[in-house]
Amino acid sequence: MKEIELNLTKSSLNGHLEVPGDKSISHRSIMFGALADGKTTVRHFLKGEDCLRTIDCFRKLGVKIEETDDEIIVHGNGWEGLKEPADILDAGNSGTTTRLLLGILAGRSFHSVLIGDESIAKRPMDRVVIPLAEMGARINGRSGGRFTPLAIDGTQLKAMRYELPVASAQVKSAILFAGLQAEGETVIIEPQPTRDHTEKMIKQFGGEITRRGNDIIVKGGQSFKGTDVYVPGDISSAAFFLAAGAIATDSEVILENVGLNPTRTGIIDVLTQMGANIEVQAEDAAGEEIGKITIRSSELKGIEIGGELIPRLIDEIPVIALLATQAEGKTVIKDAEELKVKETNRIDTVVDELKKLGAEIEATEDGMIVYGKSRLSGGRVSSHGDHRIGMMLAVASIVAEGTIQLENPEVIAISYPEFFEDMNRLTQK
Ligand code: S3P
C-alpha cells in the first residue's frame, strides 16, 4: 500500500475499543522471558513489526519462542541459554530492540552484530554505547559506535554509577540489563523519571531492584524465573482514539484495559488541562496499572507543556500537536528536544505535515508552538515512514475539510496493525 485516501470529515466516533498491547511492555516480556529459567506465557502481546523483530532476534540467539493466536510462549534457559547467533540480528525500525539488546549482548560471552533499517541507522546509539563501554563493553560501529551496524564482542562487565545525561528509558534499561550481569552494584540516576517497565519486570520475574532517593540500584549476577505476563493496552496507541474522540462531534469512545502506569499517563493530564471531557476508572491489577478511559467530544483550550511531563508523553506529542490545532488559543510544547531523535525528527515531520493541512504551527529549538483553533484542509501528506506521524494524520482527517491522501500508511503496523479496522469500526458519518 503506497497511499491511502482518508475521508473521515465530520465523522463521529462511538463505541468500545481495546487497543493492542503495550509496545514497551511487549518487548520486555520477550527479553525477560528469554533470560529467565522456564516457561513464560505472554497474553495480549503486541504483534506489531517492532515486537516481532524482538522475537526474531531472540530466536536467532537460540531461544525457543512459540506463537499462537492469543499467546506467546517463551522457553527461557537463563542468561547462558543465549547462544552466539550465526546470523546478523536485525532490529528493523525498533529503537527499543536495538538499545536494550545492546545492554544484554554486551555482557554475553560471544560475538554478535546488530543492524536496523534506514531510520535506525540515523538514530544515536552512542547514548548506550558510551555508558556500556564504561562498564567494560566492547562495541564497535560507524562513527566510533554512534550508529548501526554495531558489532558486540561480549565480555564480563563491571558495575558503575551513572547519571543519565538524557531522560531515556531505553538507555536506563540497557544499563540495567548490563548491570544485571555485571560484577557489583550498578546505580543509575535519571534527570527525570521515565517509564519504569523494566524495573517492574525485574521484580515480576523474581529479580531484585531497589530505589534509594533518586538512585536506582541493581546487583549483578541475578537470575530470573519464567512467569505469566498480561500486557495492558498501549496508552500510546489509545492516545490516537482519545484525540479522535475529543475532536470529533457527537462522540463517546470507551477504551478498555488501557495501561495506566503513571510514567506513561501524561496524555491524560494534557487532555484534562485542555478541558477535555475525559473520565478515567482505574481497575485492580497486579503489576502494571490498568483501567478504562472514556472520552467524549470536547471544547479544548491551548496549554503549555514542558518539564517533567515530557517523558510521560514523549510519544504522544505528534497527536497532541493535532489536538492543539483544534484548541482555542496558543499551545507551547517545550523541553522536547528528544523528538529530534525518534523514528523521524518529529519536530520537523509534525510541523511540516500539519502545515500542509493549513495548521498554524511553528517549530522551535525544543518543541513547537501551535495556534488554534484552525480549520484544516485536505491534502497530500506523508507518514515519513513514522508510525505515529501516520496515525496522527489519519486522525486529522476527521476535522479536515476534504480528503487526505496519506503516503506510506503501512508503517502504522509497527505499533498498531489493526488501526484502520478499529477506526472504521468506530466512525460513522
Ligand atoms: C521506549 C522509551 C522511549 C519511547 C519509545 C519506547 C521504551 O524512548 O519514546 O517509544 O520502550 O523504553 P527513549 O528511551 O529514547 O526516550
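A Cβ is built for glycine as well, from the same backbone N, Cα and C atoms used for every other residue.
Heads up, TrEMBL stuff is auto-annotated, nobody curated it.
Note that the coordinates shown come from a computational prediction; the quantities given were computed from them, not determined experimentally.
Feature annotation from TrEMBL assigns domain 'Enolpyruvate transferase' to 11-423. The phosphoenolpyruvate binding site annotation in TrEMBL covers Lys23, Gly95, Arg123, Gln170, Arg346, Arg388. Per TrEMBL, 3-phosphoshikimate binding site is recorded for Lys23, Ser24, Arg28, Ser168, Gln170, Asp315, Lys342. The active site, proton acceptor annotation in TrEMBL covers Asp315.
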Here the Cα-Cα span from Arg123 (phosphoenolpyruvate binding site) to Lys342 (3-phosphoshikimate binding site), rounded to a whole number of angstrom, reaches 7
Using Cβ atoms only, which residues of the same chain lie under 8 Å from Arg28 (3-phosphoshikimate binding site) while being at least 6 residues apart in sequence? Leu100, Ser173, His197, Thr198, Met201
So if I draw a 10 Å sphere around the Cβ of Asp315 (3-phosphoshikimate binding site), how many other Cβ atoms end up inside it? 24
Quick note, Ser168 (3-phosphoshikimate binding site) and Gly95 (phosphoenolpyruvate binding site): C-alpha atoms separated, nearest Å, by 11
Take every residue in the domain 'Enolpyruvate transferase' (11-423), average their pLDDT values, and give the whole-number result. 98
Binding residues Lys23, Gly95, Arg123, Gln170, Arg346, Arg388 (phosphoenolpyruvate) - maximum C-alpha distance in whole Å: 19
In whole Å, how far does the CA atom of Lys23 (phosphoenolpyruvate binding site) lie from that of Lys342 (3-phosphoshikimate binding site)? 15
Of Lys23, Arg123, Arg346, Arg388, which of the binding-site residues has the most Cβ neighbours inside 10 Å? Arg388
Anything within 10 Å of Asp315 (3-phosphoshikimate binding site)? Look among the binding-site residues Gly95, Gln170, Arg388, comparing CA atoms, and list what you find. Arg388
I'd like to know which of the binding-site residues listed (Ser24, Arg28, Ser168, Gln170) lie near ligand 1, counting only a CB under 6 Å away. Ser24, Ser168, Gln170
